[in-house]
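Student: So that we are looking at the same thing, I have put the structure below in structure tokens.
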Amino acid sequence: MMTYQEIFNEIKNKAYFKNHRHVLIAVSGGVDSMNLLHFLYLFQDKLKIRIGIAHVNHKQRSESDSEEAYLKCWAKKHDIPIYVSNFEGIFSEKAARDWRYAFFKSIMLKNNYSALVTAHHSDDQAETILMRLIRGSRLRHLSGIKSVQPFANGQLIRPFLTFSKKDLPEIFHFEDSSNRELSFLRNRVRNNYLPLLKQENPRFIQGLNQLALENSLLFQAFKELTNHITTTDLTEFNEQSKSIQYFLLQDYLEGFPDLDLKKSQFTQLLQIIQIAKQGYYYLKKDYYIFIDKFSFKITKIVPKTELVKEEKMLEYDSNLCYRDYYFSFMPKSNEDQGQVNIPLFSLSSIKLRSRQSGDYISFGHFSKKIRRLFIDEKFTIAERQNAIVGEQDGEIIFVLVGDKTYLRKACKHDIMLAKLYIDKLEKG
């Protein structure tokens, strides 16, 4: 067992709170969080911080309300702000955790706290690693809990992570009877599995934590060795070995934590990228992968209503801006080689719109579906999405796509009545 002074001596050089002045402490009332509360209260002047307390009453035990009342009384006595939330809904470990962290985040944002501090220690770290092993987690997820990570508008800090539970002083706290319920995996790991494994190896917890540390260093080294590679560049990606591609893609997917692909889905995704066939491929949870001839990216699916681009009607002898172009019936005074001009054989209004299913354009002796035109000419999906179709009298007279313009072939007896001029708008 250590004293608070000894704990302070060990963590002061880690400068956890160097960039923070107001920190929020997650306090359940258990021995770990009560130690954290007392420690930070005693050393807040030396750490140059001011603290607040955040407590969630899960309403699952008869003692919950008395624990909340005690913490409110303690906070009032010590002139510390306290924020309390009552859990609502169907209770589960995940639902409770999501509720807590959503509450902590909201308090930080509303009250200008730049850090959330929790009382996780090395025993919690070992439990987490063993739970992930049991669940069959990927190698990169065996890195365990980080002592500092981004959270809300600041950071989540775990200053006790290098200490074990037995290092913490004895202090008044509340015993949570639900910690003995074996219906929860963490409780089975803590109360059943770890004690048995420690009989085989008394240093089993230290071994799990060392595994987490080495695993974290391994992926840090991989990131440093591959940071010159643009993962989403298909040429660069496919120049790498299969093993490097595997971990590059895993690293890229870390940017989409709620995507949560199963191992079989990850394998399918990797194969899609390796084949590099252009198109959209649905993944899950409203995500899809978008592949063109140069690159790939993962993004949220856009609702169909948002994919319908705004249409505009261009009347003869008028002008308008549509997307990145300026349409008019008057040429520029100076000869602009970048200006597109389209012969018109009718003075009817022209509808400017996106491509629609079934669209085709006549090239004289033959017609071609615009979809097939895009494929044959190898336009990227982004270029296809931004293509502009000009329709007059129910017939497509031009297609503006990428840096090319395709015109309807005029009939033999058509008489040109005017010209439509198109200029690319300069982006400021």
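Glycine too: its Cβ is placed from the backbone N, Cα and C atoms.
Fair warning: this is a prediction, and the values are worked out from it, not measured in the lab.
Sharing the feature lines straight out of Swiss-Prot:
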BINDING   Ser28, Gly29, Gly30, Val31, Asp32, Ser33  ATP binding site
Student: Give me the sequence-ordered set of same-chain residues, not including Ser28, Gly29, Gly30, Val31, Asp32, Ser33, with a C-beta within 8 angstroms of the centroid of the ATP site's C-beta atoms.
Tutor: Val27, Met34, Asn35, Ala119, His173, Phe174, Asp176
Student: Please give me the CB contact count at 10 A for Asp32 (ATP binding site), counting all chains in the structure.
Tutor: 21
Student: Let me check the 10 A CB neighbour count of Ser28 (ATP binding site). How many other CB atoms are there?
Tutor: 21
Student: If I restrict to non-local contacts, at least six residues apart, and a C-beta distance under 8 angstroms, what lies near Val31 (ATP binding site) in its own chain?
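Tutor: Within the chain, Val31 (ATP binding site) has Cβ neighbours under 8 Å at Lys165, Leu168, Ile171, His173.
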Student: Around the C-beta of Gly29 (ATP binding site), how many further C-beta atoms are within 10 angstroms, looking at every protein chain?
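Tutor: By my count, 22.
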Student: Let me make sure I understand the structure: which of the binding-site residues listed (Gly30, Ser33) has the fewest other Cβ atoms within 10 A of its Cβ?
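Tutor: Among the binding-site residues Gly30, Ser33, the lowest count of other Cβ atoms within 10 Å belongs to Gly30.
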